[in-house]
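Inspection log for the structure reproduced underneath, given as structure tokens.
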Amino acid sequence: MTGIVKKVLFFDLLKKMLLFDLLRGMLITLKTMFTHPVTRRYPKEKRDPFDGFRGRHAFVRDPETGTYRCVACTKCAAVCPPQCIHIEYSVDAETGRRILTKYEIDAFRCIFCGYCEEVCPVCAIVLTEFYEYAAFDRKTNYFDIESLLRNWDEFVAGYGDREYVNKFWKPEGIDLKRLPAKKRTITPIKLNKEVYSGAR
């Protein structure tokens, strides 16, 4: 047993004398000198978010009507864990349909879980791929109906000519029969830039 201990002590002493740890560190430094840097020159170079990224909130602007899709069912407010969604509505006396009068999201309280976009029966609310929240005042991150629609317009402007579909509208592994009727038949949104630019 003492022989093993002596060997270990000898090798430790030899490592210290030959500056083994220092040389190993220098070797790592030398290797990283010739590797490509992982940093980006933000904000000139922006990172492309991964598929399913949950960023800034937005109301989907219906290409046909040019306005929001929300039917004021209040499911998003009910399911929201931090209770950051506040909704007010009135009821049309003739049709009995709900009319959205107030819709607010406090982005400071939001945990970006995506429950609101999953539970929405008409696919009205989405978490876009915008991740820049820096602002000079707190009011900027309190979203009302107009700012939510504006967020969608900004998102569409930078999205390109692709069709938009949100992966949370039809979650994988769920039987289509269990989804609301609107979600069963949802198709990718053709981003009509003229509609969105005219609505700003």
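Cβ coordinates are placed from backbone N, Cα and C, and glycine is handled just like the others.
Annotation source TrEMBL lists [4Fe-4S] cluster 1 binding site at C70, C73, C76, C120. Sequence-distant contacts of C76 ([4Fe-4S] cluster 1 binding site), defined by Cβ-Cβ distance under 8 angstroms and a gap of at least six in the same chain, are I85, I87, Y115, C116, E117, V119, C120, I125. DSSP classifies C76 ([4Fe-4S] cluster 1 binding site) as helix under the three-state reduction.
Classification of C116 ([4Fe-4S] cluster 2 binding site) by DSSP places it within a helix. What TrEMBL records for C80, C110, C113, C116 is [4Fe-4S] cluster 2 binding site.
The annotation domain '4Fe-4S ferredoxin-type' is assigned in TrEMBL to 61-90 (among others). Across the domain '4Fe-4S ferredoxin-type' (61-90), the prediction's mean pLDDT works out to 90.
Long-range Cβ contacts of the domain '4Fe-4S ferredoxin-type' (101-130) within its own chain (Cβ-Cβ under 8 Å, at least 6 residues beyond either end) map to 49, 53-60, 68-71, 73, 75-76, 79-90, 138, 141-145, 148, 151-152, 154-155, 166, 168-169, 171, 180, 182-183, 186. Taken from TrEMBL, the feature domain '4Fe-4S ferredoxin-type' covers 101-130 (among others).
C110 ([4Fe-4S] cluster 2 binding site) sits 20 Å from C73 ([4Fe-4S] cluster 1 binding site), taking the CA atoms of both as reference points. In the shown protein chains, 14 other C-beta atoms lie within 10 A of the C-beta of C113 ([4Fe-4S] cluster 2 binding site). Calculated from their C-alpha atoms, the gap between C113 ([4Fe-4S] cluster 2 binding site) and C73 ([4Fe-4S] cluster 1 binding site) amounts to 19 Å.
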